[in-house]
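What Swiss-Prot records for this protein:
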type     : residues : note
CARBOHYD : Asn15    : N-linked glycosylation site
CARBOHYD : Asn29    : N-linked glycosylation site
LIPID    : Cys315   : S-palmitoyl cysteine
TOPO_DOM : 64-72    : topological domain 'Cytoplasmic'
TOPO_DOM : 141-163  : topological domain 'Cytoplasmic'
TOPO_DOM : 212-240  : topological domain 'Cytoplasmic'
TOPO_DOM : 301-317  : topological domain 'Cytoplasmic'
TRANSMEM : 38-63    : transmembrane segment
TRANSMEM : 73-93    : transmembrane segment
TRANSMEM : 119-140  : transmembrane segment
TRANSMEM : 164-183  : transmembrane segment
TRANSMEM : 192-211  : transmembrane segment
TRANSMEM : 241-266  : transmembrane segment
TRANSMEM : 280-300  : transmembrane segment
Amino acid sequence: MVWQGPQRRLLGSLNGTSPATPHFELAANQTGPRCLEVSIPNGLFLSLGLVSVVENVLVVAAIAKNRNLHSPMYYFIGCLAVSDLLVSVTNVLETAVMLLVEAGALAAQAAVVQQLDDIIDVLICGSMVSSLCFLGAIAVDRYLSIFYALRYHSIVTLPRAWRAISAIWVASVLSSTLFIAYYNHTAVLLCLVSFFVAMLVLMAVLYVHMLARARQHARGIARLRKRQHSVHQGFGLKGAATLTILLGIFFLCWGPFFLHLSLMVLCPQHPICGCVFQNFNLFLTLIICNSIIDPFIYAFRSQELRKTLQEVVLCSW
């Protein structure tokens, strides 16, 4: 990965400089403090990646199979699944190639490995950018469906949805190519971090506004039924819990990776920041975990999609 600076995973494997058997340890810097390093076993990383691949393939297959799901909202969810699928596939592919090179089962020259690493990095970066974009697109779509309910179908049409989807994919490919080509430039890392913060703020503002509108609607219903306190309190707690889970998972899974990028700009040589850099594979694992969780948050809550998913699974057997 280019995000590790000179410690590229595939090239490190080729040169025999990859880390030893992963474990949970305290690593001591020569000039700094003892660092808590959480190394992820390759078997666990590959297993999580494969689980994510299966989940997101099923989501895409279910949406493709059921015509009732051929709407802008489900297309955005399907594209999020494709992005998460690419995140998992590219990381699993990189790890698998790394293990093959380490075991001597795959003989390759440094130049070939360099090109392969660049291609994989472009795919990983592009899939991450598109995943964040589609998370934002889903938030915007839900916002429009609540605040512009009567005009929603005239605002969010299929042609507009497809144009937005196409623009996201094109922008993701172009930006990832530029990011990988100029990853040594501070501006590139700052752009990536700023993009993450912008998506986080966008999602937080939209979902908080939606929660406020939903609570206002619940109060109106409660007044009509003369059960204002109990209904409003119960709905408020449920809505706040849902919002906390949604934004919390997003921040916990993506935040450490972008903290890593931020520290690469702010303190690349500081010993304490070096402790954070040592846990890069943990941050990638958290992103894979996000790819596993996303279908449960955005896709599997739909009864129609769950029914179609069951049909897809039964047909595959």
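The backbone N, Cα and C atoms fix where each Cβ goes, and this holds for glycine too.
Counting Cβ pairs under 8 Å that are 6 or more residues apart, the transmembrane segment (73-93) and the transmembrane segment (280-300) reach 3 or more and are in contact. Around the Cβ of Cys315 (S-palmitoyl cysteine), the number of neighbouring Cβ atoms within 10 Å comes to 9. Residues 58-59, 61-63, 65-66, 68-69, 74 of the same chain, all 6+ positions outside the topological domain 'Cytoplasmic' (301-317), place their C-beta atoms under 8 angstroms from a C-beta of that stretch.
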